[in-house]
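Undergrad: According to TrEMBL, the protein carries these features:
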type: TOPO_DOM; residues: 1-685; note: topological domain 'Cytoplasmic'
type: DOMAIN; residues: 42-257; note: domain 'GB1/RHD3-type G'
type: BINDING; residues: Gly52, Pro53, Gln54, Gly55, Ser56, Gly57, Lys58, Ser59; note: GTP binding site
type: TRANSMEM; residues: 684-703; note: transmembrane segment
type: TRANSMEM; residues: 710-729; note: transmembrane segment
type: TOPO_DOM; residues: 731-821; note: topological domain 'Cytoplasmic'
type: TRANSMEM; residues: 741-762; note: transmembrane segment
type: REGION; residues: 795-821; note: region 'Disordered'
type: COMPBIAS; residues: 801-814; note: compositional bias 'Low complexity'
Amino acid sequence: MMDAAADNGGECRAAQVVGADGEMDGAAMERFAAAAGLPSRGLSYAVVSILGPQGSGKSTLLNHLFGTSFTEMDALKGRHQTTKGIWIAKAVGIEPFTVVLDLEGTDGRERGQDDTAFEKQSALFALAVSDIVIINLWCHDIGREHAANRPLLRTVFQVLMRLFSPRKTTLLLVVRDKTKTPLEFLTQALKEDIQKIWDSVQKPEAYKEAALSEFFNVEVTALSSYEEKEELFKEQVGQLRQRFYHSIEPGGLAADRRGVIPASGFCLSALQIWKVIRENKDLNLPAHKVMVATVRCEEIANEKLRHFLSDKGWLELDAAVKSGPVLSFGSRLRAILDSYLSEYDMETMYFDEGVRTAKRQQLESSMLDHTYPALETVIEHLHVVALNKFKSDLDQSLRSREGFAVAVRQCAQAAIVEFDAGLRDAVVKHVEWDASKVRNKLQDHIQTHVESVRNAKLAELKANYEKLLSDGLAGPVQSLLETGERDSWACIRRLYRRETENATLAFLASLSEFDLDHTISSKMVSDLREHARSVVEMKSREEAGNVLMRMKERFFTVLSRDRDSMPRTWTGDEDLRTITREARLAALRLMSVMAAIRLDDKPDKIDRALITALLDGGPFSQKRSVEFTYDPLASSTWEEVSPRDTLITPVQCKSIWRQFKAETEYAVAQAMSMQEAHRRSKNWLPPAWTILLLAILGYNEFMFLLRNPLYLLGLFVAFVLSYAIWLQYDVTAYFRHGTISALLTILSRLLPTIMEIVTAIVNMSHSQKKHSANRSHHPPTLHAQIFKNQTWGQGQVQYESPDSPSSSSSSVDSNNNGDES
């Protein structure tokens, strides 16, 4: 035996382990295993083999799939046997370690009729030692008896169960030179064929009722032509290669690892299995004449298929279909198909009837596969024309204000009639065509369009009524909540029910033309009612979010304005405590209104709980028992109010009330200060009875002063000084800060003030002499007026707070400085 000459980039070379004479070279396999490092792999390895007809590209597929270097056939030198016997190699770059077996192709002319035993033996060997068996099939061989290896698989199934214990093997059927036939159709056909083979084989008693799935896991894939679409072929092989990574892991391509032989014993195991297979005498192949009939009928069928694909009439018909609808398509295509089927029948009439019939069916199926896209295009044209007709007719009917349901029925019926007429013209007798399927497809598309239009109309209708409800509820609800009156929610309920009922009746009338199911219409009406409620809830929650601001506005309104909405003047006669309580009560009732949604007209105790807990002093009021410590607001829910309808929880009410009181205390304190100030401004003089008492008791002193004018003069001077001091300082303002502080301030400033007055009098006298000397230049009247102005200007003083560090210079000083300058 010989080794392949090619080297896999540093990897071990492929080795021939079974020669053309059918003898296994155990030494060659041992050398390969040692060079590849197989014995050290334990159970972490997989075995992949390939079966298929000679010249079907098995070696080419393996080389591209696993990076091996099996010898490939040179098509330019003719089609001949390339792989002889069985070759083994290691997959490059794939984990786990993968052993690849390339088997001699079946149905080779080199062996002639003597190849049957070796084909069966090699196939049985591959199934026995492999985790994955690739079966290489031509796409056009699917459905054939012999080209698809059906007799070979049948015999292999029988012998496998008789010779070896059950082991689940993955059969990977690779369909080569894939046509336009969808892969799912090919997969279904292949799996049905394998199942039929399994059902037909004779099984041992132990496995008589066993299912195919107990022994084999069948997978199907397809590859494009290597010669015609090489790049696409390589891309698809790359995708298939990914499936062999981690193939022995759970869920991998190697479905079952039961009975796996350790890698160190693989060579011995393979040698014993081949020996058992070679000694078996029950392997037979079908008769040669059936194989010849299969090959010849296939050649004739392929020739007719090529002629059909190049037929001028068919090409013209196919081109015409792509550009638009074609009249009499079915009759024209039927004539072309019948002509080529008749020629096939004439040329194959002397071959085996079973093979001839099978190949004729395959030829007919292949031609129909090529015509199917054109037929689909014709039907698609008919479908589009009918659907467009329905759409335009429906749109025109709806614009003419016809009822929606009536318009849909009339337009759909007209479109189906037109579609059926075109379908009868396009039908082909060779195809078992079910017109109901395409008609149902059109009806489904019509129904889809109807639902789309109806949904759009209903959505527009619903949006209009929802907007109508929103406009009718949002503004009034907000206004009623802002008032915060006791009957606010009663008014909101009446408004909500009135607007909802009016909108519901009008909405039901509009829905009648759509011929809707009662359940759907009821659901839409229910949604409309729910929308109305959601509008009220939304505005309620929006206003509840501004409750603190609204409470302060209400408090300041009640506090600062009387019942006639006139601004209050705090003269000291108002009952500020009562007014403050009324203002807080109004704010608290506003919070009570906004604390919960009351659309269900159920009584609650929110208002009373808030007034009791927040306004009347709460549970710790002096009017209550000391042992009673229950706080009605120490909860996150209100009694008799559902969480959905709760806008402000009791705990939140307490927090808002604390913040409200903190932000309104200043206004109350300011009002109290204004009252106190007004009260003090009226009471700086002694009471009238005190003055009368002084007059009675001081009569003797008064008569004494009248009899002594000198005392009167002294009193007059004291009065003048006191009046000057009064003008210089705001004595009333001093006493507002306390009597003691006022007296101390006046005494500390008395002497400086007297000195300022005396200085002003001296300056005034000096100024008078100066003006007398210049009397010839200034009129006397003008001098007197200036003197008068200066004298009175000295009395204009500015009030200064007693807390200021020092008083400013008096106006008298200012005038004096002006004169001196």
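Even glycines carry a Cβ here, placed using N, Cα and C.
Here the structure is a predicted model, which means the values were calculated and not measured.
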Undergrad: Cβ within 8 Å of the GTP site centroid (Gly52, Pro53, Gln54, Gly55, Ser56, Gly57, Lys58, Ser59 excluded): which residues?
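TA: Other same-chain residues with Cβ inside the cutoff are Met73, Gly105, Asn136.
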Undergrad: I want to check the contact list for Lys58 (GTP binding site): same chain, sequence separation of six or more, C-beta distance under 8 angstroms. What comes out?
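TA: Lys58 (GTP binding site) has long-range Cβ partners Ile50, Leu51, Gly52, Thr83, Asp102, Leu103, Gly105, Ile134, Asn136.
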Undergrad: Run through the Cβ atoms and count how many others sit within 10 Å of the one on Pro53 (GTP binding site).
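TA: So the number of other Cβ atoms within 10 Å of Pro53 (GTP binding site) is 20.
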Undergrad: Taking the Cβ of Gly55 (GTP binding site) as the centre, how many other Cβ atoms fall within a 10 Å radius?
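TA: So the number of other Cβ atoms within 10 Å of Gly55 (GTP binding site) is 18.
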Undergrad: List, in sequence order, the same-chain residues at least six positions removed whose CB sits under 8 Å from that of Gly57 (GTP binding site)?
TA: Asn136, Arg176, Tyr226
